[in-house]
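Comments concern the structure below.
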Amino acid sequence: MIRSLKYITNSVQVKHDFKYVTERYFNMLEFKDNCTVLDVGCGPGNTTSEGLLPLLPKSTKLLIGVDISEVLLKYAKEYHQKDGRVRYRHLDIAASRVPSEFLEFFDNIFSFYVLHFVSNQRNAFKNMYRMAKPGGDIFVSFMGQWSAMDIYRTLVCEIKWKPFLQNCGKITAPTYTTHNPEKYLKNVLDEVGFRLTLYHEEVKQWVYSKQEFIGTLQSFQTE
């Protein structure tokens, strides 16, 4: 519970970027009546229920949030599942397979601020493709490259900071290590089978206060 609260408290940047991308691009998306929607990397559920759900059509039939963290999912189910259309399930988006009931099940799939934490991004996109209905839409937003990770990787070698940064050592997203994230992503999407309709990349700067920086480190330690 404490970790979930830390995640929410220190996710100011996530909330800011969610608002940024949805205000600019959400009106480009198409939704069917009684649509089924998936939120990949839902975390503690606050963005799913308080951010994404209000933007969806009132006729939305089902919104499922999935995450790899059982700790965050427990919080999501307790505090962000009040709407009968919202459900939460455990799922590693980079796993070798997905639940059979999810295959070609979703009209729209979203993922906000998550894929830069995923080492096997190819499998993640492949699974999203498998879970989308034919003709379905997928919208993802994440950091292709993240300068803060250089800092985290340096600090993890120091005894003082290592307890806060154990999970950072596990993050080896290809977009972080490649010199050309755009080329890599477009190749992966093409190989998986996607028809890319929009790709936008921009450089952003985020200034952390000392408290925000420490809180962000602590929020990484979810299981």
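Positions of Cβ are set from backbone N, Cα and C atoms, glycine also.
On a predicted model such as this, the values are computed, not experimentally measured, just so you know.
The following features are taken from TrEMBL:
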DOMAIN    38-139  domain 'Methyltransferase type 11'
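Mean model confidence of the domain 'Methyltransferase type 11' (38-139) amounts to 96 (pLDDT, 0 to 100 scale). Across the domain 'Methyltransferase type 11' (38-139), the DSSP tally of helix, strand and coil residues reads 37 helix, 29 strand, 36 coil.
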